[in-house]
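Novice: Please read through the structure below; I'll follow up with questions.
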């Protein structure tokens, strides 16, 4: 019996008209081998347990053999890239292989990245390399561990097929799993090409599949947009609170269901720098860390324009006006949790602002600062102060923080226990990802395996992996990453 016979399929996207996609077969790579298999996610999706030895799964997920349940397609969409509309986008190196029903009953896309040329590849070769594949695999699972909405990564495979970027590299494959691959750019494409019947059909399907609570609303499309605004606001707030810089927030990289999507030149903050630009192609800093909330609104405005045939202008504007207060509300709530403050008090905003000023002016390590605060049940206030160059300013802030904590009903021990559940000890620092890539390119997945342990539960101590909580070496600070993959 085939392994696929034990899995339920729901290939609903390919039931849409052909103008939404192009059927196409993956182009096989040479001598494909497993690099990683995500056992936890595989179990959630209903795959049988195995130790990366299934030849059938390797052959089918790599695209070498097509099971009868698969119907691989390249999706068509458009999008605004660095603020300019580009109509010529689509899945240029990835294919939606199939949609499976997880144990939870939710439908998940299985998407193969690096599958070869498609009609939307433009000048590209349709391939991915080990470098970018490892980064997405690790980061999507790191985000899941931080409880940030995200696509997931099921598997990685390597090959002997040469791929040429700045130098020769080796072709690799990533199997991504997500509840949806529908992007803001799907609606933009249909709107700008005046395919309004199909545009409405897509909106109907998005509501049916992802926002069924909107079906009974008097204005279902407006209700859908409200949901998208809210989910995007929460996602961006989670990015900011956790120090995540996406790097390339084009509208074709924005998920319609508010999941972090398309990991490329991302970074997690080491030293706190609100102006961090992690994408070396972002010459103007459009997607700098501190610009992400503004760009979230810009992208939603672009989506709103493309939804204008379905939603009244007043309803679109009303939803957009809610984005900033929603995002700020989510962010304030997250910062209170990170600081162990369960109640709201006047002056909290100033406490946050002065904290960020202190960290920015003194290049304080962002995750280390919050994790140290979380351990004040066993550490001294001086341990927090010692993280900061300007000790006098640090002491002033710590004194103000401890005075604010006195307004809480919880004990220090209770407060710190809760803080350790939201302030990770382990994050995917870029230098750790690079070390894992270097080993993976030599056929060694041990660093990937170790990182997957701590990233799955980044709040635990993991004493055997203490070295993965180390601050970056000089070469690993403020790394700028290329979009090339």
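Cβ atoms are placed via backbone N, Cα and C, with glycine included.
Reproduced below are the annotations present in Swiss-Prot:
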{"type": "ACT_SITE", "residues": "252", "note": "active site, proton acceptor"}
{"type": "BINDING", "residues": "90, 92, 93, 113, 125, 126, 176, 183, 262", "note": "ATP binding site"}
{"type": "BINDING", "residues": "253, 262", "note": "Mg(2+) binding site"}
Novice: Fewest other CB within 10 angstroms, which one of the recorded positions 125, 252, 262?
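Specialist: Minimum Cβ neighbour count within 10 Å, taken over the recorded positions 125, 252, 262, occurs at 125.
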Novice: Look up residue 262 (ATP binding site) in the DSSP assignment and reduce it to helix, strand or coil.
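Specialist: In three-state terms, residue 262 (ATP binding site) counts as coil.
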Novice: C-alpha of the residue listed as 'active site, proton acceptor' to C-alpha of residue 176 (ATP binding site): distance in Å?
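Specialist: Here the two Cα atoms are 17 Å apart.
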Novice: Could you say which of the binding-site residues 93, 176 has its Cβ with the most other Cβ atoms inside 10 Å?
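Specialist: That would be 176, with the highest Cβ count within 10 Å.
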Novice: Please list residues from the chain of residue 253 (Mg(2+) binding site) whose Cβ is under 8 angstroms from its Cβ, counting only those at least six apart in sequence.
Specialist: 79, 183, 246, 261, 262
Novice: Which number gives the other C-beta atoms within 10 angstroms of the C-beta of residue 90 (ATP binding site), all protein chains shown included?
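Specialist: Within a 10 Å radius of the Cβ of residue 90 (ATP binding site) lie 23 other Cβ atoms.
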Novice: Please give the greatest C-alpha separation between any two of the ATP-binding residues 90, 92, 93, 113, 125, 126, 176, 183, 262, in angstrom, as a whole number.
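Specialist: Greatest Cα separation within the listed binding residues comes to 23 Å.
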